[in-house]
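Asks: Mind having a look at this structure? Questions to follow.
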Amino acid sequence: MSGNTLGTLFTVTTFGESHGPAIGCVIDGCPPGMSLTEADIQAELDRRKPGTSRHVTQRQEADEVEILSGVFEGVTTGTPIALLIRNTDQRSKDYGNIVETFRPGHADYTYWQKYGIRDYRGGGRSSARLTAPIVGAGAVAKKWLRERFGVEVRGCMSALGEIDVPFVDWSHVRENPFFAPNAAIVPELEAYMDALRKDGDSIGARIDVVASGVPVGWGEPVFDRLDADIAKAMMSINAVKGVEIGAGFASVAERGSVHGDELTPAGFVGNHAGGVLGGISTGQDVTVSIAIKPTSSIRTPRRSITKAGEEAIVETFGRHDPCVGIRATPIAESMLALVLIDHALRHRAQCGDVETSTPKIAGSAT
């Protein structure tokens, strides 16, 4: 398995399995001289960790992070930063019924056909449990971006199943377990999830992520375009089946006279492009949306096959999120931050001294 590293100059390599002794990552390329403590990282991990409400998996993991290297006397040294998170609440017996069968919608079948072996306990390496190290690495990236460039990366849930969540204010996001930017709709979301859980079923979600303060110039055309790398990173999150940058698929129905964001001396008029033109950041907010499929692990009996190719009926009895999208917001934020810090360093390496006579215009003319 050779696809475990994200990034070019700021790289993150994750390791571990859902029911192994520990999970973690190695961050390479972090600039030296930034203050960093375990508390800085823990604050982000606590936003993602399981067991925080009745609407998510009841697996109780503290997700306490340990910094093993790369930090001396509270400051990054420029050497690899190793983060370790120990697994403490594995319950592998819940997966005894799928040792010889494949769960529909999961990576069981494809991992088996590719590698000839699979860790059936909670999905092993393919588990969303492995997003915890991504959030840990994302905390490092967020801190550097904020302190060096004033970049803020924020996310929220914009839809749960067929329920749209209208945006009200960012302050609402941290006040509810759904990361909803609208406190008034939370009771409806809770009732929806309670009914879903009783049915033994699951549902998908849409998450919006915004990076503000990104300067013009980040991105490496043509194959490492900023939006291309964002899309790749987002699609690397478990259960993500779609990514939009800016207007996304709505662009299909928009005329060029509407979609093309005009430029004025006072700034851009609109941001249909999502803060990226030609694969390079414009200086506007970078806006991303992801579509997350329904959780495949449900209690409803479903048809499948055994390793021998025979018909089978599969029921999943482990502790699972009825909607993985509920905890996806900090994961999506982290992925965006990791792409941005990588491109910030790449831009600095080649074009950090480039200056033009054209003034940098505001992200919005209003």
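Backbone N, Cα and C atoms are what each Cβ position is placed from, and that goes for glycine too.
The NADP(+) binding site annotation in Swiss-Prot covers ARG48, ARG54. The FMN binding site annotation in Swiss-Prot covers ARG125, SER126, SER127, ASN238, ALA239, GLY278, LYS293, PRO294, THR295, SER296, SER297, ARG319.
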Asks: Can you tell which of SER127, SER297 has the most other C-beta atoms within 10 Å, given these are the binding-site residues?
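Replies: Max Cβ neighbours within 10 Å, all protein chains included: SER297.
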Asks: According to DSSP, which of helix, strand or coil covers ARG48 (NADP(+) binding site)?
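Replies: Where ARG48 (NADP(+) binding site) sits, the three-state DSSP reduction gives helix.
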Asks: If you count the other Cβ atoms within 10 Å of each Cβ, which of the binding-site residues ARG48, ARG125, LYS293 comes out on top?
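Replies: Of the binding-site residues ARG48, ARG125, LYS293, the most buried by Cβ count within 10 Å is ARG48.
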Asks: Do me a favour and check the Cα-Cα span between SER297 (FMN binding site) and ARG48 (NADP(+) binding site); whole Å is fine.
Replies: 19
Asks: Note down the number of other Cβ atoms within 10 Å of the Cβ of ALA239 (FMN binding site), including every protein chain shown.
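Replies: I get 22 for this one.
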Asks: Hey, how far is LYS293 (FMN binding site) from ARG48 (NADP(+) binding site), Cα to Cα, in Å?
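Replies: That comes out at 18 Å between the alpha carbons.
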Asks: Rounded to a whole angstrom, what is the C-alpha distance between ARG125 (FMN binding site) and ARG48 (NADP(+) binding site)?
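Replies: Their Cα atoms are separated by 18 Å.
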Asks: Provide, as an integer number of angstrom, the distance between the C-alpha atoms of ALA239 (FMN binding site) and ARG48 (NADP(+) binding site).
Replies: 16
Asks: Roughly how many angstrom lie between the C-alpha atoms of SER127 (FMN binding site) and ARG48 (NADP(+) binding site)?
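Replies: SER127 (FMN binding site) and ARG48 (NADP(+) binding site) have their Cα atoms 14 Å apart.
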Asks: For ARG125 (FMN binding site), what is the secondary structure by DSSP, using just helix, strand and coil?
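Replies: Where ARG125 (FMN binding site) sits, the three-state DSSP reduction gives helix.
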